[in-house]
Structure formats: structure tokens, C-alpha cells
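S.K.: Just lifted these from TrEMBL, have a look:
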- C88, H130, H134: Fe cation binding site (BINDING)
- E131: active site (ACT_SITE)
Amino acid sequence: MAIRNIRIEGDPILRKKSKEIKMIDEKIIQLAQDMIETMRSAKGLGLAAPQVGILKRIIVLEEEDNPTIAINPKIIHSEGEITDIEGCLSIPGYSGYVKRAEKIVVEYIDENNNNIKREVSGYLARAFMHEIDHLDGILYIDKAEKIYKDTEDEVGV
Ligand SMILES: [Zn+2]
């Protein structure tokens, strides 16, 4: 495993659309493992492949200390609306309030080639939506109602 460089806002790759993954091979598994290591070393809760310069539809999320790997993730249903705080490893030092769905149904392929369909809510739903946005070149600052600089007593996410 290896820690990869996280691309920072202003890097044009963060604004590009990622491609569907056709086959889950060793290279994809290696990428996923590197992404998990990179996310953890940066103390993040999620990471999308474009953030490490790879335009492929794969995201990783920290879920109760277990990493989730989601390949070709798609939101197939969403409901409710909630505004909450979020941050991004590609926009260090800032946080913002973003309105998103409260509950979603997400579909993806896991690292063992299983088709997964799950209903998620709360922070995890927000994390899925944030990371899937990255795959379409969208950053949370495009949607935020208010963005502010983190100070020592405001915790970034
Ligand atoms: Zn992000």
C-alpha cells in the first residue's frame, strides 16, 4: 500500500468526470487500498479517486472503523433534506454548510464484485453524496450555503 498525493482545489482534474470501471482487477484493488491508506493518513472520512488524480468511479468511506469500497456508486433514491457541515481533503482549512438529502438508497459494486444496494442516512449518506459528487467534478463549495475558515475551536470534517 502507498499513500498518494491528494489533489487540492484549483487542480483541473478535480473538475473532470470520472469513468465507469468495467473490470475489478488487481490495479483497482491496489488503488482502493492506497486510497484507504491516504484517507486515513489525512484523517479523512472519505476519498474519491479523482482526489488522488485517477478519473475512475471509485470511492472509499470510513464506516465505524471499517473502510467501505464502492465502485461505480449510484444514488437511486433520495428523500428529505438536511443542512449540515462538511469539509473536504482537497479544500484544507475550510468547512461549509451544505443542504443534502437526509436519506438515500445507494447502489455500488464492492471489492469482491458483489452488487450492493443499501439505504443509508445521517453522516454516511452525506459522505456518499459528497464523494459521488467528486466523480462528476463537483465540489461541496459549489453547493455550500456558507463557507468559513476553520479555527482551532471549530472542528473540520
Ligand atoms: Zn471531498
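Every residue gets a Cβ built from N, Cα and C, even glycine.
Note: TrEMBL annotation is automatic and uncurated.
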S.K.: What same-chain residues, at least 6 away in sequence, bring their CB to under 8 Å of the CB of E131 (active site)?
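M.R.: The list for E131 (active site) reads G46, L47, A48, I59, V60, L61, A70, P73, given in order along the sequence.
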S.K.: Given the recorded Fe cation site (C88, H130, H134), which additional residues of the same chain have their Cβ within 8 Å of the Cβ centre, ordered by sequence?
M.R.: G46, A48, Q51, E86, L89, S90, E131, D133, L139, Y140
S.K.: What does DSSP say about C88 (Fe cation binding site): helix, strand or coil?
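M.R.: C88 (Fe cation binding site) sits in coil per DSSP, no helix or strand.
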S.K.: Across all the protein chains here, work out how many other Cβ atoms are within 10 Å of the Cβ of H130 (Fe cation binding site).
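M.R.: Excluding its own Cβ, H130 (Fe cation binding site) sees 24 Cβ atoms within 10 Å.
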S.K.: Have a look around C88 (Fe cation binding site) and count the other CB atoms within 10 A of its CB, chains all included.
M.R.: 27
